[in-house]
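This report refers to the structure that appears directly beneath it.
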Amino acid sequence: MPRTSALSGASSLFDLDGPMSARRIVVAMSGGVDSSVVAGLAAATGAEVIGVTLQLYDYGAATGRKGACCAGDDIRDARAVADRLGIAHYVFDHESSFREEVVERFADDYLSGRTPIPCVRCNMGPKFTDLLAMARELGADCLATGHYVRRVMGPAGPELHRAVDPARDQSYFLYGTTEEQLAFLRFPLGGLPKTETRLIAEELGLAVAAKPDSQDICFVPDGDYARVVRSVRPEGDAPGEIVHAATGEVLGTHRGIIHYTVGQRRGLEIGGQPEPLYVIGLDAPSRRVLVGPRPMLAVASATIVETNRIGPLPDAPLTAKVRSLARPVPVVLEGSFGEGASARIRFSQPEYGVAPGQAAVLYAGDRVVGGGWIDSTERWEIEG
């Protein structure tokens, strides 16, 4: 069987100067097919390759469960892949920092009426900050991951771009990558479709070639976010009132604000209303869930905080994604942007379901300009 073009030209995917035989590549290995293929591509370059896996949470109860990143079986899979490729492999216990930086923050955000994205927090902390430090300690020339994004050299240095395969693009989750980190990171899969990734895994004889993709949220085994929040913050189930945002009328009682998010319609248990009602906002101090008709979800602008900018601001129109699966929409950026500053984005058309706690990620074409956390929104006033 002839080698795939990616394997034949593997060295070009890592963009390292000098002979590859003199280079050391650390690969972040989760045990899934994507990071396993990255390890295989790295090994094909002739460089010294070291696989590193982070144990991020107590996976005992989840052992044998499919669809979770870095659970017990995944660590064993990563080790088996490393053995197959003939590379070193290390597992580091980061359970304590992961719980503090990601899981507890996840629970606190829900308690404060926000809709968190723990995968972004994880990328900002354990997956990049901690792994990069380890890679440097191991004397690596770069850290390679299985994310579907592209690192493209621009006039001012490396830029973060969307993946070639839009169905696999993960750039939304990596907006917090710093310029210093991007200089050291490599994303060999950003130019490949998922189908080719699996073909490479088969060609390399990796047992994970047909392994299902992992979930985004690894520490929620069954999708029951409320259960996870309760386990960390038992007070999350405190009941409160469901209030009509326009009239102030109390329509019912809820089971705890952790069960609700902006834009939600189902599960409100307030039947008999003259029109469909949606969650418009969450008032955490008073434990109130505010509901209203769909037009009340229309947002004109959003304030974003803790912003990160990757490279200079372009002299080009900007678009923004306010949810991971949303389409980018035109925006105008106001205020300082980057280095933790707060800014505002204004939408050219009403945007619906913009939830505090989510990320707003800015793009110029395929380039990721940066982003920040949505802190508050301004309603679009619809005339008539």
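Glycine is no exception: its Cβ is also placed from the backbone N, Cα and C atoms.
What Swiss-Prot records for CYS122 is active site, nucleophile, and it gives sequence analysis as the kind of evidence. CYS122 (active site, nucleophile) is surrounded by 25 other CB atoms, counting those within 10 A of its CB over all protein chains shown. In the three-state DSSP scheme, CYS122 (active site, nucleophile) is classed as helix.
Under DSSP, CYS218 (active site, cysteine persulfide intermediate) is assigned to coil, being neither helix nor strand in the three-state scheme. What Swiss-Prot records for CYS218 is active site, cysteine persulfide intermediate.
Per Swiss-Prot, the feature ATP binding site maps to ALA28, MET29, SER30, GLY31, GLY32, VAL33, ASP34, SER35, LEU54, GLY146; the stated evidence is sequence analysis. In the three-state DSSP reading, ALA28 (ATP binding site) counts as strand.
Among the features that Swiss-Prot reports, disulfide bond is placed at CYS122-CYS218, with the record citing sequence analysis.
Annotated site 'Interaction with tRNA' per Swiss-Prot: HIS147 (among others), in sequence order, evidence recorded as sequence analysis. In the three-state DSSP scheme, HIS147 (site 'Interaction with tRNA') falls into the coil class.
In three-state terms derived from DSSP, GLN358 (site 'Interaction with tRNA') belongs to an extended strand segment. Annotated site 'Interaction with tRNA' per Swiss-Prot: GLN358 (among others), in sequence order.
Between the C-alpha atoms of LEU54 (ATP binding site) and GLN358 (site 'Interaction with tRNA'), the distance comes to 25 Å. If you take the Cα of ALA28 (ATP binding site) and the Cα of GLN358 (site 'Interaction with tRNA'), they are about 26 angstrom apart, rounded to a whole number. Looking only at the recorded positions SER30, ASP34, GLN358, the one with its C-alpha closest to CYS218 (active site, cysteine persulfide intermediate) is SER30. Within 10 Å of the Cα of ASP34 (ATP binding site), the following recorded positions from the list CYS122, HIS147, GLN358 place their own Cα: HIS147. A straight line from the CA of CYS122 (active site, nucleophile) to the CA of HIS147 (site 'Interaction with tRNA') spans 13 Å.
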